[in-house]
Amino acid sequence: MSSKLLTIQLLEELVHAAELNQEGKTADYIPELANVNQELTAIAVQPLGEKTLAYSNNPLHPVTLQSTGKMIPLIGLLEEFGADQLFEWVKVEPSGDDFASITRLEQFGPKPSNPMLNAGAIALCSRIPGVGEQQFRWLEHWVQKLFNQRLSINPLVFASEKRTGNRNRALAYLLKSRSNLGADVHETLDLYFALCSYEAMLDQMLYLPAVLANKGQDPDTGEQILSIETCKITLAIMATCGLYDETGTHMVKTGMPAKSGVSGYTIAVVPGKAGIVVLSPRVNAKGNSIRGEIMLEGLSKAMNWHFALP
């Protein structure tokens, strides 16, 4: 099976094909997320050893990380504490439930099923070392390391998250009642809401998937940013849990480990070949970008990037 050349023209074709799908809508349970252009559709690819290519159908603006930010405490804590300790706090099993499921935690707790669920990310945020401002500085350090630059927190989204995040509060209190929250509920949730409220441009989202694709090395300088062990574990979790109860469908269609967010960002990795980010705020009931999945599937087929292909 021959593959196409990776060109701007190919990316443009993928965007225009995705635009034909009018399903989904912006996430409205976090009110500020509804205030975006729902027709925005974009893709960027960083092939290892080559220049970045990107195409968007509308002017770009910063978009919040939402659940793509769950990669930050996962990777940071893996690097600092190691896998054995991290797996004392969360499991790494696909859940088959939605990203904010309380039932799953009640039935199969006290450990959350995996770090990509809200409960898992909240549990990991409670294990960030330090107290108060020290924990926020830890978060800023790892944001800068994983994005190769500083990012800002969108204050309106942060306030919106805090105002409407009652389900996440329920998860945090349930974790606390099961002795699996390592810090104060309110302080932990402030960290979690801040994590989701960092915002980035499309090109800024590319650094992390490119590093993961490159065995933890900076794609430009070759500097070892993350250990190979952390990359291996992170990619395995993305491949099995990155799109919640739609991960299996995603992997069958694309063969790319990925992590989605309800803001419309999805980052994806082709190990040894490329880092990818797609953006479209039209999400489905599972919290995944519909047009984003269309673009990733089209790119995988065009480039023969499915992991199961020789």
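Positions of Cβ are set from backbone N, Cα and C atoms, glycine also.
For the substrate site, Swiss-Prot gives N118, E161, N168, Y192, Y244, V262; the one candidate out of S56, S67, S300 that the record lists there too is S67. Summarising the environment of Y244 (substrate binding site), the number of other Cβ atoms within 10 Å of its Cβ, over all protein chains shown, is 24. Residues near V262 (substrate binding site) in space but far in sequence (CB under 8 A, at least 6 apart, same chain), listed by position: A27, I30, L33, Q66, S67, V283, G287. Cβ neighbours within 10 Å of E161 (substrate binding site), excluding its own Cβ and spanning all shown chains: 25. For the substrate site, whose binding residues are given in the record as S67, N118, E161, N168, Y192, Y244, V262, the maximum C-alpha distance rounds to 20 Å.
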